[in-house]
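Participant: Let me give you the structure first, and then I'll get to my questions.
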Amino acid sequence: FVEHLPAGKSTPDFARKPMTTTVQEGKKAFFKAMVSGEPPPTVTWVRNKGEMDDQEKYSTRYDERAREHVLEIVNVKPEQADNYKCFATNEYGQAACAVTLNVVEVHLEFKNYQTVVTKKKQLPQQKEGEIDPKLLELLLSAPKKDYERICLEFGVTDFRWLLKELKQIKKEREDEQSKVVENLDNIKQIEVKSSGRAEFSFDMKLRDPNSEVNLYKDGTLIPYDDDKNSKHSLQKTGINYLFSIKDPQREDAGFYQVDVEETNVLTTDFQVPDVEFVAKIKDSKVTENEDAIFQCVLSTPLNKITWSKEDASLEHGGKYEITISEDKLTHTLRIKDCQMADKGAYYALAGITSSSASLTIQVFRSENVKIVSNQFSYDVKESRPGKSKKELYSTATMKPFNHLHKNVLRFFKFLVCFFLSDKLTEEDGVKIIKDGACHILMIECCKKDDTAVYRFEAEGRKSEATLNIQDPPRLDPDALGEFTNPVIVRVGDNAEWKLPFSGGAPMNIQWYKNDNELLPAVNVKIDTSDTESQLRLTKCQRKDTGEVKIKIKNEFGVIEAVSRLIVLDKPTPPQDPVEITESAVTSVEFKWKPPKDSGGCPVTNYIIERQQVGRNKWTNLGEIPCIPSYKDTDVDPGRRYCYRIRAKNAEGISDYLQTGDIPAGVLRYPGSPTAPKVVSAFKDCINLSWCPPCDTGGTKIIGYNLEKNKTGTNYWSLVNQNGPITDTKYAVKDVFEGAEYRFRVSAINLSGAGEPSIPCEAVIARNPKMRPKFKDRNMKTLMVVKSGNTIRVNINFEASPMPDISWVKDGIPLLKHVTITSSDRGSQLLIPTSERSDSGIYMITVKNIVGQESFSVEIRVTDDPKPPGPVELDENIPGTVTLCWAPSPDEKRDDRLHYLVSKRDSFKRTWRTAADNLFNNKFTVVNIMPGREYYFRVFAKNDMGLSPPSESPFKVDMPQMKALDFESPPSFIIPLKRRTAPEGYECYMSCAVKGDPAPRVTWYYNNISLNTNTNYHITNVCGVCSLLILRVGPKDHGEYRVIIENKLGNAESSMTLNVRGKL
């Protein structure tokens, strides 16, 4: 490490620090850090209570795409809960950051095969000045149309600045999700349905069908099953996951998350506001094609409530118009252009409170009316009695009506109806209705036989309409609901599905399993009649588990229904490889992989058997919970053992997995660690570090003993009186300032403590020498204080040993009324009552044996300025007024005091600044308009502000001047002058001209006009003509001319610009 950094180099720092995390036992833990520094730092990880040499437990890597250093802990165990540190080191310094790993232990209960888990993790907490992390989690799972509503709930009114950060986080989240999920879409946020259940759903295709899908509420794991009568349930249909909460209460409100393994896939916020319906929605009865309105009034303002029809939520737009009053108490649903399909029950849901009403539609209507030329074609579905009616209308003019109001075409002359060539009467099962000039033919309960061409005749004129009856496949809702329930059978049993249907013949029936069509075979039986189809799968095997689908099709449409087959079996054997995690004198520990196939139901236990190598007897060690690891504590040192592992579920016990020979350890002590290294020493603490021994004695190192020896004595005392040190570093605080110490360390394994290391070199307990350095980066270099106020200057510094501190003012010692208070960390200058004489430059010098540093601050003591003397009119010539005033009494005492002049005329009547930063007592005001009255004020101004004004004791009344002829040819008052400019600097050329009318001014360079050249800045103010070259170069050398001209003549002036090269 160095005191002064070379140019372009920097010490290490953390661009993004690793975060404390909480994981479930057996899962993976990740710490991620981003570092900066030049040269790039080296990143290392350590833990306080153990080693991290086992690469199978701890792995580190650098993600070049994300520029992150990652520490991955595989299969987290409770003993790995610890404080971890990340070090970033280069040749100019070191940065460190500590984080904590919390491990949630898993406890199993065999009742209902449910796993009881404590809190998963702490939800991200909002830091002061930062945005709530919950808002970002919700936005990741919400559609863009809901961004504004969600942000308003968190008090964020402008969320556009969030979009860039949200896009980056969303990309990172999708990368994590892609490791466990192939596809995730159709996400629907949680909402209360009309059935009284709170539901949210999504479509998800897992990469591994055996991946765990967990539900969390406010960070706590929520148990669920597939029973709709349970409090929390999951209904899975194909790739659709539907989570529901039965009978939600206020305590069910919270932050819900769905994780696959350790990856979050959905976040939703269930809010239960304290609200009631003051006025509920009421039943509505409208005529077809009219609008229906439902309206309710709440007890508490809400930004939004949920409107639904049956279980389908309604959104604003198109068919539905949802409005909210300004006080957010009255909510209205308008259903536009009501049709028969719109009738039914509608619900208003506010939190867990609901109100329902029914919508009734009056008047029959025609379906799918199609008008072709002077003929009419009607397509309707065949229906059962009382379910459908068909009305035919015609007009005497034989022309279709352009506006189909309620689908009625009107005629204006009495006619007779015919069916083909046969005259129709009410005896034919139809109704003929006369309504004024309108004649209606009504056919109730349409049948296939009603398909025909209908003709209306009147006095030799005809009009025809075609009626087509459609009969697509239909399924009974009750039978469909029963069909969609999964069929669960054991291996070797038969599975059967039966589904009745109706519709127009002929019907084409197809059965599918996992999207593959099923055809009759030895184990596949398909029986189909005109009204029902049945599928029977015999001697089902585990591989038959999957989706079962039926497709029913005729010429009018297609309908599908999906079910699922689950075949239960005993699990497959546990999987290799078997990994030995510990081989100690009194115990061995090993782990394995779970079965590849759990058999359709969870693995509840593992059965362990043991055989001592060389013997034939196998000993049953009993059953253990479903965690795939085992620790055998009943072993003899030096013996070798073989184990058999079987998995167990509700259907049976798997075949066994047999391990290789696993040896138990022998009594062997570890070797000596390296000599302790002194990292740093202070007067009250000495920091040490060491390296583990090369020889661990065949078992893991569980800790270290650290001993100290005071120089001049032969006694070694134990430092760690409260137990072994689990890390390879330690801070010794039991030291005396100025004393000299030596240290040694010994390693401890399961057999005991080994030999101590070689002692380290003697070290003295004292603070390291450090050159004085000021700590505040933004220290003020200028202070302006009002006379009479207190002056307090605080300077903080670091130095060791204690430095000498001195203050001076303008290079001389301070006066007695100035108080200096100093400590080993800072110094304060205090002047209780300041005076103008205290103004000056104060410098502090901090000096010790290592070096010295100085800092200066300028203090200006001033007061509110006193006004200047009376304002007098010195000259009064046409167009100008010259003002003069007596100086302010403070002018001699304050070198920064200056003056400001403002004016007001009788036309605008507002005070405007005429001049500022005047350091003399005279000013000429120009552009005085004839015929107006003018008033003037003069202010004195300093660092404290403005003085009271001195107003002019007169008004300037400029008389109306008579028009005079001042025409004159153009001429130069001040011509151009030769100039020499250094290369790279700016050059300013000017001249003064006169003439009436005002002459036109043209600039030339080497006879080329510059007036339109944007590389030159040309101005003409009150006859002063200027040209500015911002950066002079060799190309600007040459002759410059100004030509002025008006109607009376012209004049010319020129000069030469010389460019001096760089020094």
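Using the three backbone atoms N, Cα and C, a Cβ is placed for every residue, glycine included.
Just so you know, TrEMBL annotations are computer predictions that nobody has curated.
Just so it is clear, the model here is predicted, and its values are computed rather than measured.
Per TrEMBL, the features are:
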type: DOMAIN; residues: 12-102; note: domain 'Ig-like'
type: DOMAIN; residues: 273-360; note: domain 'Ig-like'
type: DOMAIN; residues: 573-669; note: domain 'Fibronectin type-III'
type: DOMAIN; residues: 672-767; note: domain 'Fibronectin type-III'
type: DOMAIN; residues: 772-862; note: domain 'Ig-like'
type: DOMAIN; residues: 867-961; note: domain 'Fibronectin type-III'
type: DOMAIN; residues: 969-1058; note: domain 'Ig-like'
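Just tell me what is around each of these and how deep it sits.
Facilitator: Mean pLDDT of the predicted structure over the domain 'Ig-like' (273-360): 88.
Across the domain 'Fibronectin type-III' (672-767), DSSP assigns 0 helix, 38 strand, 58 coil.
Secondary structure of the domain 'Fibronectin type-III' (867-961) per DSSP, as helix, strand and coil residue counts: 0 helix, 48 strand, 47 coil.
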Participant: Looking only at the domain 'Ig-like' (969-1058), how are its residues distributed among DSSP helix, strand and coil?
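Facilitator: Output for the domain 'Ig-like' (969-1058) reads 3 helix, 58 strand, 29 coil.
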Participant: Short question: most Cβ pairs under 8 Å with the domain 'Ig-like' (12-102), which of 273-360, 573-669, 672-767, 772-862, 969-1058?
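Facilitator: If we count Cβ pairs closer than 8 Å to the domain 'Ig-like' (12-102), 672-767 scores highest.
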Participant: With DSSP as the reference, give the number of residues of the domain 'Ig-like' (273-360) in helix, strand and coil.
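Facilitator: Once the DSSP states are binned, the domain 'Ig-like' (273-360) shows 3 helix, 48 strand, 37 coil.
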Participant: As a quick check of your reading of DSSP, tell me how many residues in the domain 'Fibronectin type-III' (573-669) are helical, how many are strand and how many are coil.
Facilitator: 0 helix, 50 strand, 47 coil
Participant: DSSP on the domain 'Ig-like' (12-102): how many residues come out helix, how many strand, how many coil?
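Facilitator: Across the domain 'Ig-like' (12-102), DSSP assigns the residues as follows: 3 helix, 57 strand, 31 coil.
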